[in-house]
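Enquirer: To start, I am sharing the structure in question, which I have written as C-alpha cells.
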Ligand code: AFP
C-alpha cells in the first residue's frame, strides 16, 4: 500500500475544500514542533531534560524541564509563520501575541505542551494537545476574551502521544485520523483514516483513589461497573489508568473504552481537574469525530461557553453508550431526568 504523508493528506484536504492554506500550514508547523518535542523526550536522561525546572506554572503546578522546553519549542515554531494572531498555553497566564516583526494570521492556537508530565521521569507516555480557533474578524490584538469560544467553533484539534511510537491524531471536523512518525524519514505517515470508536465497551479509566470524594451518581455508576457480572450491568469491566490523558485517550481511540475525571469534593471549588480550552475541548472534538461522546457528566463539553483561559471542567469521554449511562445517572440525581 502506498503511504500517505501528513503533507500529502493536508494537500488533499485543501483540494477537497475542507481546510484552507493557512490552517494546513499551521498544522504542518505544529507537527514539526512536535517532532522536536519527540526528539527531546526520547533522549531521556541523556538529554539532561528530566526532572523539575524549579519553577511553577500559573496554576501553581511544579514545572518539569520538559514542560518548559516543549512550551518554548511550540511558541518559537509558531511565532514567525504568519498563520497566527496569538498563542495560549497551559504554561502561560495570558495569551502570547505574535511578535511585531512577524506577519499575523487569522488563527488562535491553544496547547498543553506536555500533558502527563509527572510521567516523564518514569518513562511513561506523555503528549501534546492542541486546539485551533478562528481569530474573530477585525481583531488585531488578540486577548483572552477572543479565545473564549465554545469547542464547537474549533477548526482543528489534535494530540501527539510520545510513546513507543510517536503518533499524531488529528481532526478538522471531517473524521479523526492517525499518523505515525517514521523516525528514519522524519515524516508523519497516515496510519488510520476515519477512526471509529466502538459504541459498547467493557473498559474504563478513572483515578480510583478519589472514589470516596466523588458525587453520589459517580459512586453509583462506577459501583455498578465494579459489581461486574453479578451486578445490574450483568458483565465484567476492566480498568486502566495511565495518568497521561493523551495515553488514556489514545487507548480509547484504538480499542474503545471510557475516561472519567469527575468532580470530587477536593477539586469542586476549582470546577474540575482538567482544563477546558486545551485538554477537554480538543479531546472532545477528536472523540466525537470518531463517533464517541464527551460530556461533563451533565452537558456536552463542546457546547460549554468558556469563562476563562485556564478554566477546569469534569471530563467524561469515550464509547458512546457508557458515557450516556454515566451522564444519565448525573442528570437523574440532579432531578433533570426521570
Ligand atoms: P500532569 O501533566 O500534571 O502530569 O497531569 C496530567 C493530567 O492533567 C492528565 O493528563 C491526567 O489524566 C490526569 O492529570 C492525571 O490525574 P491524577 O494525578 O489524578 O492521576
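Yeah, the Cβs are placed from backbone N, Cα and C, and that goes for glycine too.
Since this is a predicted model, take the numbers as computed values, not measurements.
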Enquirer: If TrEMBL gives 115, 116, 117, 118, 207 as binding substrate, which of 35, 43, 270, 273 does it give for that site as well?
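Expert: Checking 35, 43, 270, 273 against TrEMBL: the substrate site match is 273.
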Enquirer: In TrEMBL, the residues 112, 114 are said to bind Mg(2+) 1. Which of 76, 90, 145 is said to bind at that same site?
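Expert: Looking at 76, 90, 145, the one TrEMBL places in the Mg(2+) 1 site next to 112, 114 is 90.
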Enquirer: Kindly point out which candidate in 215, 224, 279 is recorded by TrEMBL as part of the Mg(2+) 2 site with 112, 115.
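Expert: Of the residues offered, the record points to 279.
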Enquirer: Could you list the residues of the same chain, at least six apart in sequence, whose Cβ is under 8 A from the Cβ of residue 116 (substrate binding site)?
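Expert: 124, 125, 126, 127, 242, 243, 244, 245, 246, 247 - these are the non-local Cβ neighbours of residue 116 (substrate binding site), listed in sequence order.
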Enquirer: Do any of the binding-site residues 90, 112, 117, 207 touch ligand 1, in the sense that the CB is under 6 Å from one of its atoms?
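Expert: Checked binding-site residues vs ligand 1; flagged 117, 207.
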Enquirer: Would you mind sorting out which of 112, 114, 117, 118, 207 (the binding-site residues) have a C-alpha within 10 A of the one on residue 279 (Mg(2+) 2 binding site)?
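Expert: So the list reads 112.
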Enquirer: About how far apart, in whole Å, are the alpha carbons (Cα) of residue 117 (substrate binding site) and residue 90 (Mg(2+) 1 binding site)?
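Expert: It is 12 Å, counting Cα to Cα.
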Enquirer: Would you say which of the binding-site residues 117, 118, 207 has the most Cβ atoms within 10 Å of its own Cβ?
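Expert: Sorting the candidates by Cβ neighbours within 10 Å, the top entry is 117.
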Enquirer: How many other Cβ atoms are found within 10 Å of the Cβ atom of residue 273 (substrate binding site), counting all protein chains shown?
Expert: 19
Enquirer: For the domain 'Fructose-1-6-bisphosphatase class 1 C-terminal' (197-329), what does DSSP give as the number of helix, strand and coil residues?
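Expert: Tallying H, G and I as helix, E and B as strand, the rest coil: 61 helix, 23 strand, 49 coil.
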